[in-house]
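J.: Structure provided below as structure tokens; questions to follow.
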């Protein structure tokens, strides 16, 4: 066609040709809404989440950097200057106020998060909202219980050099009754670990009290006494930790010591 006219009305669009007239009625649902042209502001939940993560990262950084114990050399210098002769000293972690500030910020973030949860209850997907809110509440409770170990961290350092030269004598009693419920291997390991204490040998005395009168327990104690002649010097020479043979030889550790294989075989015979 050579002639075309387009008339746009509020409710219809008309196309006029030379010999035909075509009317098009657009659907009312097709027209974009004015509200959609202006998007609603973003919800505040991501902002709370970002603040939550930042504050928690700050707390983790503080906990990793400051919660580690001070070097022993610095502790020794501080202790040497103190006039007291205590067997142990307590060092309080500095900058505890920084952690308390982090605690207040974290609690504020938690309260803000729960305020958002309960003031923006959705009309749909209620089970999902309940699940997320319960998870946030459980995390907050667990975190709150953990603060008892981080509120005032302290470190203790012992001074073995301050022990008196004339230490008192110690008598140790090991009691057993039933070799079935209390296998002789457990009794023997208890004896060997206590005999390896860092204490003067002449000041230690061990007594085994067997109410059941088991010959098996008595025979195991005799073998343990023979094994202790090699085990105790080995512990003192190489600073073995832990000093229970059963625990020590069950650990997955490289055999760096030459006598380790021999001790393992001897311990298996005792066991």
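Every residue, even glycine, has its Cβ placed from backbone N, Cα and C.
What TrEMBL says about a protein is an automatic prediction, not a curated fact.
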J.: Using TrEMBL as the reference, determine which range in 124-145, 146-167 is annotated transmembrane segment.
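T.: In TrEMBL, residues 124-145 carry the label transmembrane segment.
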J.: Take the Cβ of residue 182 (UDP-alpha-D-glucose binding site) and count every other Cβ within 10 Å, whichever protein chain it belongs to.
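T.: The answer is 17 other Cβ atoms.
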J.: Would you kindly list the residues that approach the transmembrane segment (124-145) from elsewhere in its chain, counting only those six or more residues past its ends and only Cβ-Cβ distances under 8 Å?
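T.: Sequence-remote neighbours of the transmembrane segment (124-145) are 106, 110, 113-114, 117-118.
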J.: Please classify the secondary structure at residue 211 (UDP-alpha-D-glucose binding site) using three-state DSSP.
T.: coil
J.: List, in sequence order, the same-chain residues at least six positions removed whose CB sits under 8 Å from that of residue 211 (UDP-alpha-D-glucose binding site)?
T.: 175, 176, 177
